[in-house]
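Shown next, in structure tokens, is the structure this report addresses.
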Amino acid sequence: MVKAVAVIRGDSKVSGTVTFEQANENTPTTISWNITGHDANAERGFHVHQFGDNTNGCTSAGPHFNPFGKTHGAPEDDERHVGDLGNFKTDAEGNAVGSKQDKLVKLIGAESVLGRTLVVHAGTDDLGRGGNEESKKTGNAGPRPACGVIGIAA
């Protein structure tokens, strides 16, 4: 079992943790999140981005992690970036707790997300269905108020 964590923080009140667990290279990865300080009663996009570089804040993380050269999509779509995790829902206080399994996100192997950045966005991910060019790149999820590098967890 490989475990990883991203400690989320940035130039906003958004903070928290996103954890990853994968039993072996052929099993889905369980992704769990506990994020606070976001907009109340909202859906907000989150993605694994290409680089683990946060020297210029979350903008240094680059585009979505996309080793297979696909366009942006929903986590359940065949046509999607590896880093496309969709949206999480916040409660009346702006907090979000949840988990999901993902068959493309890996901690083991050549396409591992270890050392890359998990970015929490300011807007809702349109899952590549926005009808414009940016939708197929970013899901129109907006600015990057918080992020964290995905590192090996104890």
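Start at 1 and count along the chain as shown; that gives each residue its number.
From the backbone N, Cα and C atoms, a Cβ is placed for every residue, glycine too.
Feature annotations, courtesy of Swiss-Prot:
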BINDING   H47, H49, H64, H121  Cu cation binding site
DISULFID  C58-C147  disulfide bond
BINDING   H64, H72, H81, D84  Zn(2+) binding site
COMPBIAS  125-137  compositional bias 'Basic and acidic residues'
REGION    125-147  region 'Disordered'
BINDING   R144  substrate binding site
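Sequence features annotated in Swiss-Prot and their locations in the structure.
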residue: H47; record: Cu cation binding site; DSSP class: strand
residue: C58; record: disulfide bond; DSSP class: strand
residue: H64; record: Cu cation binding site; DSSP class: strand
residue: H72; record: Zn(2+) binding site; DSSP class: coil
residue: H81; record: Zn(2+) binding site; DSSP class: coil
residue: H121; record: Cu cation binding site; DSSP class: coil
residue: R144; record: substrate binding site; DSSP class: coil
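With respect to their backbone Cα atoms, C147 (disulfide bond) and H49 (Cu cation binding site) stand 10 Å from each other. Cβ crowding, taken as the number of other Cβ atoms within 10 Å, peaks at H47 among the binding-site residues H47, H64, H121. A Cβ within 8 Å of the Cβ centre of H47, H49, H64, H121, the residues given for Cu cation, is found for these other residues of the same chain: G45, F46, V48, A61, P63, F65, G83, D84, L85, V119, T138, A141, R144. The local packing around H49 (Cu cation binding site), expressed as other Cβ atoms within 10 Å of its Cβ over all shown chains, amounts to 27. C58 (disulfide bond) is surrounded by 23 other CB atoms, counting those within 10 A of its CB over all protein chains shown. For C147 (disulfide bond), the Cβ neighbour count at a 10 Å cut-off comes to 27, with all displayed protein chains included. Note on the binding-site residues H72, H81, R144: the fewest other CB atoms within 10 A surround the CB of R144.
Taking the centre of the Cβ atoms of H64, H72, H81, D84 as the Zn(2+) site, the nearby residues of that chain (Cβ within 8 Å, site residues left out) are H47, F65, N66, K70, T71, G73, R80, V82, G83, G128, K137, T138, G139. Recorded residues H121 (Cu cation binding site) and C58 (disulfide bond) have their alpha carbons 10 Å apart, per Cα-Cα distance. On a Cα basis, H72 (Zn(2+) binding site) lies 12 Å away from H49 (Cu cation binding site). When the C-alpha distances from D84 (Zn(2+) binding site) to the recorded positions H47, C58, H64, R144 are tabulated, the minimum falls on H47. Using a 10 Å Cβ-Cβ cutoff, D84 (Zn(2+) binding site) registers 31 neighbours.
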